[in-house]
Ligand SMILES: CC(=O)[C@@H](O)[C@H](O)COP(=O)(O)O
Ligand SMILES: NCC(=O)COP(=O)(O)O
């Protein structure tokens, strides 16, 4: 079954807009966990516009000893800045179950592409080894049409996360077949060299079911933006329950 990891970045965005601790990232994570999700995802960025280092440490404490996993996403090449210690230092302190490496830059509103491993493989290799030393599983954010899926295994990654933004856009336009085929093919290539496959970005209640039907053996989906938006109307616990039902294949 596919694990749902809820990305709580957007809870922090709302909190940060006024300061203080309302809404609380920790309380939101607790609600998601109680509603049945299998993990919590955060994507701290150097400008600290949403999840902050202290949130990461608090979430790590909340999840310690629980079967639910903490997944920390971020750019491993972004240098420390102000109170942001850098992704590897944060992972060393929080010891998440999974670190997902993403090649996003500060100027991006959100992540919008995967790694070019022809360019970055040799820089990533020692960082992946360092994260393994800390005890993290390592996943690499990859485009579904990347020619270099197999290289992720060669440099030591455990998983890839398929960037599903192009699929979500195509689904919205009503012509998702090509993107689904690309994602399914990338998943099969990854699995053939021993990588597990995660997926994320702009997944929602409308497009998730078709994705999980067509793309084989997706280990985890991380979902935030749509889920938190939908939760404004339906409630967080009910929305998480709806996603876990889709992940469990109910209604297929
Ligand atoms: C890697 C990825 O697709 C997500 O981490 C995405 O970046 C969500 O983060 P934001 O909520 O900050 O856009
Ligand atoms: N890795 C994807 C993620 O964490 C959530 O992306 P989104 O649902 O906020 O687009």
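Each Cβ is built from the backbone N, Cα and C atoms, and glycine gets one as well.
The active site, proton acceptor annotation in TrEMBL covers 43 (among others). DSSP gives residue 43 (active site, proton acceptor) a coil state; it is part of no helix or strand.
For residue 73 (active site, proton acceptor), the same-chain residues 6+ apart in sequence whose C-beta sits under 8 angstroms from its C-beta are 41, 42, 43, 99, 100, 101, 102, 111, 141, 222. Here TrEMBL flags 73 (among others) as active site, proton acceptor.
The active site, proton donor annotation in TrEMBL covers 201. When other Cβ atoms within 10 Å of the Cβ of residue 201 (active site, proton donor) are tallied across all protein chains shown, the result is 24.
The Cβ neighbour count for residue 224 (3-amino-2-oxopropyl phosphate binding site), using a 10 Å radius and every protein chain shown, is 24. Under DSSP, residue 224 (3-amino-2-oxopropyl phosphate binding site) is assigned to coil, being neither helix nor strand in the three-state scheme. Annotation comment: TrEMBL describes 7, 18, 202, 224, 225 as 3-amino-2-oxopropyl phosphate binding site.
Marked as 1-deoxy-D-xylulose 5-phosphate binding site by TrEMBL: 45, 50, 110. Long-range C-beta contacts of residue 110 (1-deoxy-D-xylulose 5-phosphate binding site), restricted to its own chain and to partners at least six residues apart, with a cutoff below 8 Å, comprise 104, 201, 225. Mapped onto three states, the DSSP output places residue 110 (1-deoxy-D-xylulose 5-phosphate binding site) in coil.
Within the same chain, the residues at least 6 positions away from residue 161 (site 'Transition state stabilizer') whose Cβ sits under 8 Å from its Cβ are 100, 139, 140, 141, 142, 197, 198, 199, 200, 222, listed in sequence order. Per TrEMBL, site 'Transition state stabilizer' is recorded for 161.
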* Could you tell me the C-alpha distance between residue 224 (3-amino-2-oxopropyl phosphate binding site) and residue 45 (1-deoxy-D-xylulose 5-phosphate binding site) in angstrom, no decimals? -> 15
* Asked: In which DSSP state, out of helix, strand and coil, do we find residue 161 (site 'Transition state stabilizer')?
  -> strand
* Asked: Which binding-site residues from the list 18, 45, 50, 202, 225 come close to ligand 2, meaning a Cβ under 6 Å from one of its atoms?
  -> 202, 225
